[in-house]
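Structure, as structure tokens:
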Amino acid sequence: MRLSLSVLLCLGLALTLAQHNPHWWGNRNTIVHLFEWKWTDIADKCERFLGPRGYAGVQVSPANENIISEGRPWWERYQPISYKLVTRSGNELEFASMVKRCNDVGVRIYVDVLLNHMSADFEGLATGTGGSVAEPAKKSFPSVPYTADDFHETCEITDWNDRFQVQQCELVGLKDLNQNRDWVRTKLIEFLDHLIELGVAGFRVDAAKHMASEDLSFIYSSVRDLNINHGFPNNARPFIYQEVIDHGHETVTREEYNELGAVTEFRFSEEIGKAFRGNNALKWLQSWGTDWGFLSSGQALTFVDNHDNQRDSGDVLNYKSPKQYKMATAFHLAYPYGISRVMSSFGFDDRDQAPPQDAQEQLISPEFDADGGCTNGWICEHRWRQIYNMVEFKNTVRDTELTNWWDNGDNQIAFCRGSKGFIAINNNLYNLSETLQTCLPAGEYCDVISGSLVDGACTGKSVSVDGNGYGYIHIGTEDFDGVLAIHTDAKL
């Protein structure tokens with residue numbers, strides 16, 4: 001009996017550790033969230049942009065059928081009606097083609113999955129993006145099928161410090177599934193297994209804190225291994241990262257979930273926003289990471305903003321503060337902490353705004369200007385030079401340590417990543433002009449923030465590094481960006 005228990009414990013530990021592995025190709029190590037993109041567009045950009053630029057993976061919007069809401073707000077994607085793979089992003093064939101094409105060029109796909117709930121109340125019969133009908137008010141979803149027996153009793157979350165309410169009542173009216181029921185577990189596992197069969201590498205689990213960790217543990221451990229026909233090794237487990245909003249005073253905590261998979265580290269987003277908005281001196285970022293109360297690096301899915309909190313007021317940065325946003329993202333990708341995800345947004349003026357769509361309410365594909373930036377209402381932060389070049393920086397310096405931290409006692413900082421990379425940031429209202437240790441071999445390096453290395457020439461500023469590793473660093477207040485970054489793969 002003791003031996004059997006030990007074996008079971010070891011197997012359980014192995015499974016949970018495996019669910020922290022994102023299965024990246026080579027030295028790639030950054031995910032991009034292509035929020036509300038069509039599957040055909042993602043496939044094309046995996047081949048033409050994401051793969052060549054060194055992105056490791058794409059988080060895609062929910063793939064299963066959702067309710068059709070008036071005006072088509074973005075959040076309708078979070079109101080599922082069945083597990084058919086039909087949404088405004090495309091159908092199952094298009095989804096499968098996207099996954100294969102992206103895997104073929106080394107870009108993994110992670111699906112935003114909704115295991116907590118089905119659609120909220122809807123007047124009369126609700127119609128889904130795949131033609132299914134349901135009566136959410138009666139908890140009737142025949143295309144699954146689910147009946148009222150498959151849900152928790154109807155109740156509202158009024159006390160966020162009450163575990164029962166948080167995990168068994170309805171989040172903003174969404175019909176709360178009972179993941180302790182065998183039938184519900186079976187349908188959720190079938191859904192995840194189908195996505196794995198199509199070649200996905202893992203899942204972002206929406207509203208994870210609203211489900212008991214023991215129920216999620218059962219579901220995660222029951223899904224199949226990743227599909228070896230898509231380049232995954234034998235016995236590989238899906239990468240799982242879970243949305244658990246924990247500001248440090250929650251009854252349901254992130255620590256209940258971080259052994260099951262990675263957890264979205266919302267404190268990272270909040271604190272990096274405070275720092276680069278000028279509400280906390282950058283000098284304090286030297287101890288960034290667990291010393292700030294964050295999860296351990298391998299358990300934390302980190303981001304400057306996400307599709308939810310970029311729409312909130314407060315300290316979180318988004319694309320509307322571009323200079324500070326680029327500085328924060330550069331720091332995010334340069335500092336050796338966390339599993340990094342960058343945001344790719346569409347423009348919005350109000351919280352509920354739909355993604356770019358035509359008169360028939362079909363999603364519009366992004367188009368591109370002469371500089372490669374997106375048009376048609378898409379922001380595409382991942383295509384900003386200052387961000388995609390930092391993805392390359394992060395790839396180049398992977399597995400190196402942070403060394404030679406420098407700061408001016410305020411909002412100017414710099415540091416090395418081993419002998420492969422150097423970054424400096426100026427968030428003061430006066431120039432940064434210093435001779436600093438870059439830790440790089442002697443030579444001329446292209447600043448990948450102000451430009452790129454193209455055919456052996458730099459389109460932006462360059463930095464001369466002497467035989468002792470020192471270089472003169474200037475970031476003026478008049479500069480378009482408050483960052484300078486150089487690395488060994490950008491040597492002239």
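Here the Cβ of each residue, glycine as well, is placed from N, Cα and C on the backbone.
When the candidates N103, N116, N258 are compared with the Ca(2+) site entry in Swiss-Prot, which names Q167, D176, H210, the shared residue is N116. Swiss-Prot lists R204, N306 as chloride-binding residues, and of the candidates R237, R267, R277, R341 the one it assigns to that same site is R341. The shortest Cα-Cα distance between C46 (disulfide bond) and any of the recorded positions N116, C169, D206 is the one to D206. Of the candidate recorded positions, N116, D176, D206, H210, the one lying closest to C446 (disulfide bond) when CA atoms are compared is D206. Closest by Cα distance to Q19 (pyrrolidone carboxylic acid), from the recorded positions N116, C169, D176, D206, H210, is D206. There are 25 other Cβ atoms within 10 Å of the Cβ belonging to N116 (Ca(2+) binding site).
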